[in-house]
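In TrEMBL this protein carries:
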- 1-43: region 'Disordered' (REGION)
- 60-74: compositional bias 'Polar residues' (COMPBIAS)
- 60-79: region 'Disordered' (REGION)
- 116-149: repeat 'TPR' (REPEAT)
- 159-192: repeat 'TPR' (REPEAT)
- 165-192: coiled coil (COILED)
Amino acid sequence: MPGMVNEANGNSTPQKEIPALNKSPKNEIIPESGHHVDLPPDGVVEVDTSIEKLYQNVCEMQSSDPSPSRQSFESYGEESRIDSELRHLVGGELREIEIMEEDEVEKPEEDHPSVASVFVRLAVLYNKTGKFREARSYCENALRIYDKQLPGIPLEEFASGLTDVSAIYESMEELEEAIKLLQKALKIYNNAPGQQGTIAGIEAQIGVMYYMLGNYLDSYASFSSAVSKLRASGEKKSAFFGIALNQMGLACVQCCSLNEATELFEEAKSILEQECGPYHPDTLGVYSNLAGTYDALGRLDDAIKLLEYVVGMREEKLGTANPDVDDEKRRLTELLKEAGRVRSRKGRSLENLLDANPQSIGSQIIKNNVHFFARS
């Protein structure tokens, strides 16, 4: 679904399409959980000691730090001392660091959310270097602060912190814990006016994780609620909405609701064609899913037409020798054989045939919108 990079681990999550619905028992997931931890570079052992030293001095650094209380992702200006130190520790790889602090607070209290935000950043660092036990420990420290909900602090700050910690747990493939944290964030927002986009983004991300766990009914319910809110809030023409419809359609497929899945894929197709264009990987993914439901409903001609287009575009982009197009080519061959037809081929250049540099066909639009909305 759903792009930006997950700040918890720096990786993007590829998007896959459903297989031929009546041909294969394999259940493929759109937002697969393929989170990987980058191998630590030379000298990363020194980072551990530096992180501990940084934490020991963090309160002192905060009390004298003149930086603004809440800088946004892409704001420009003078970097705080903590930001600079964290960036130095990871060689500039940790992006979009945001340290929350209040200008009027001379020294932060132990349960102030600015301290929790430092715990979160330390958890991110440990997660990036494969130190999962330490990352989990810092997450727990941050959660103890967020659970207290210090008076005088906007509740949205605590909800945003919970979504950040949830992303770390998700990157460690602890999906059930990640879902619990997002559900806590939803309770804090509590359908507040002006937060419908944020709530929809969180519900959509919960739907993604339920799908990954194989809990398709709850996945469908989460997406259904998110889609309803997006329709009501005027987001129904955005690429994010199109991806959410696609994911909801996949949940319908797994629940054997093929007619509803087809309607959702068709609506997603229309939106993504307008917002992204017919050649975009996300649009092609919806075409492939729609072809699968057409096939399952006996609409062979419609399925073949869509799948021929998808295979042709994939081959032009990735090359005919690329393994990423093999599955769809097999599906198309089976459909043509069933219809008693042969694929119409166009001449391919040697350059396309030998293309060894395929582009990613993934998307993290949903996940990115969770973080975007939560920080708006």
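Numbering starts at 1 and runs along the chain as it is shown here.
Note: Cβ is positioned from N, Cα and C throughout, glycine not excepted.
Quick caveat, the model's predicted, so the values are computed rather than measured.
For the repeat 'TPR' (116-149), the model gives a mean pLDDT of 92. Shown for the repeat 'TPR' (116-149): DSSP residue counts in helix, strand and coil, namely 30 helix, 0 strand, 4 coil.
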